[in-house]
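Each remark here refers to the structure printed beneath this line.
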Amino acid sequence: MAKLLSFSDDSRSALERGVNSLADAVRVTIGPRGRNVVLEKKFGAPDIVNDGVTIAKEIELDDPFENLGAKLIQQVASKTKDKAGDGTTTATVLAQAMVHEGLRNVAAGASPIELRRGMEKAVAQLVEELAQLSQAVGGNAIHQVATVSSGGDQEVGRMVSEAMDKVSADGVITVEESKSLATELEVTEGMAFDRGYSSPYFVTDADRQICEFENALLLLTDRKISSVSDLVPILESLQKSGSPLVIIAEEVEGEALATLVVNKNRGVLQVAAVRAPSFGDRRKAALADIAVLTGGTVISEDRAMTLEKVSQDDLGQVRRITISKDNTTIVAKDENRDAVNARVASIKRELDETDSEYDREKLNERIAKLAGGVAVIKVGAPTETELKNRKLRIEDALNATRAAVEEGIVAGGGTTLLRLSKGLRKLAEQQLNGDQRTGVEIVQRALSAPARQIAINAGENGDVVISEMQRLNKGFNAISSTYEDLLGAGILDATKVVRLALQDAVSIASMMVTTELVIADKPEPPAPAGDGGGDPMGGMGGMGGMGGMGGMGGMGGMGMPGMM
């Protein structure tokens, strides 16, 4: 494909226009009085959302150079979302401000490399000072962080706080759609482990990059599965019943994995494969725990069992299973509660008998996974559009509270960033000079952007609010339009969220400042209407030959005429 090249100021200007297009769409959502954004969908009703990363992912610009700028800011939002789960809008607003200031200085003749060094020194100092300002989570802080992260929704804050109380901050909390209008909390049997899908082609939800099945069956084995012939009997059986199947094995690879992927993508099977957790004997114990939780049987060579003879009676059953790139969460059915309690009692007896600290740690982990259960927040709303928006808010609140437990809390509303800017002023004036000093000042000026935008979204003059915040040394409460101690008022941010927003914004902005050339694909011209002899559908006559796909890959000899 032919390429388009853009150099120097032209390239940077195009990138900045793309950055602004995306950031201006996202920034209207920040703060408790942030606005909603309506997203057109190819099918069904439009979505109304208040979630920065969801909006960012939807934006695609006509100009190829501007689109690259938008994609770079999408990367900021996605990286912050992946690592912190929240703070995507803050990161986007910070990055936009830094890019604007940085490119303005480059155009005025500043050295891009020195600017970048200054920006990197600034963020290093900010991270140190942020850690000193951070306070440990205590009292009502989890409720407050969840409320702030969900846009001031008190019910969401209460629900997340209650869920963490019931299964602990390290426990498994999932969000699902309710069949009623009410949002409810339920604690049920379940567990999570740190293994994800064997192939991204198993994903069922492209937006969230997860594979999720309701009322699925589990095939548990400590064997490596390479040949599809091992799976033929059980797959044939499930193809008839239509039940989803998740295979948890030492490894699913080669022909077996390829066949599962093809048949899943063609809609022949609802299936996914996951690597079993842990290693060696601990893997066998982990599989046995999952078997007890789900009422299944581990297909093990130690017990002279083979995959070819597996029946549906050997499979575990779950209410729901959610598989991401790195983690799997099982929500079990309640029928196996007695067996789970007996299994926990057995592990506790092992715990009493061992002298090894390492073994005790691993046994305690198993007890926590089995006995802790899963808190399920069932989200209800009058319409599907509101339901999706509410679900996104609850997921943000959950992620923010987990981040708060990890690294603590700081004052919210952009107040902490504004306070940190004072330290950068000293760094710039006392330790640096030239363009490195300018780089520090770029970051310093950008730190007021989130608080300014929160004020604008609340209908106030952003510059006036920033000036008053600095004069009074207080934060701006956008809900009541008053100036107060936001930490004391319970308007909090997770330290980890603020830290990652800063680091990701500086990372992208400093790279854009040092850009001198942009290379983009040249858009292909649209095909002329009626090309092909006047009949635009004329070339499709040859598709009649697809009637021969009944055999789907030639596996009829294995008793699977309908599969690949």
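In case you wondered, yes, glycine gets a Cβ from its N, Cα and C as well.
Per Swiss-Prot, the features are:
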BINDING   T29, I30, G31, P32, D86, G87, T88, T89, T90, G413, D493  ATP binding site
REGION    521-541  region 'Disordered'
COMPBIAS  530-541  compositional bias 'Gly residues'
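Overlay of Swiss-Prot feature records on the structure.
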residue	record	DSSP (3 states)
T29	ATP binding site	coil
D86	ATP binding site	coil
D493	ATP binding site	strand
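Around T88 (ATP binding site), the C-beta neighbours below 8 angstroms that are at least 6 residues distant in the chain are V26, D51, G52, V53, A56, V76, A77, S78, T80, K81, A501. Other Cβ atoms within 10 Å of the Cβ of G31 (ATP binding site) number 27 in total over all chains. With T29, I30, G31, P32, D86, G87, T88, T89, T90, G413, D493 listed as the residues that bind ATP, the site has a largest C-alpha separation of 16 Å. The sparsest Cβ neighbourhood within 10 Å, among the listed binding-site residues (T29, T90), is found at T29.
Summary: among the binding-site residues (D86, D493), the fewest other C-beta atoms within 10 A of the C-beta are counted at D493.
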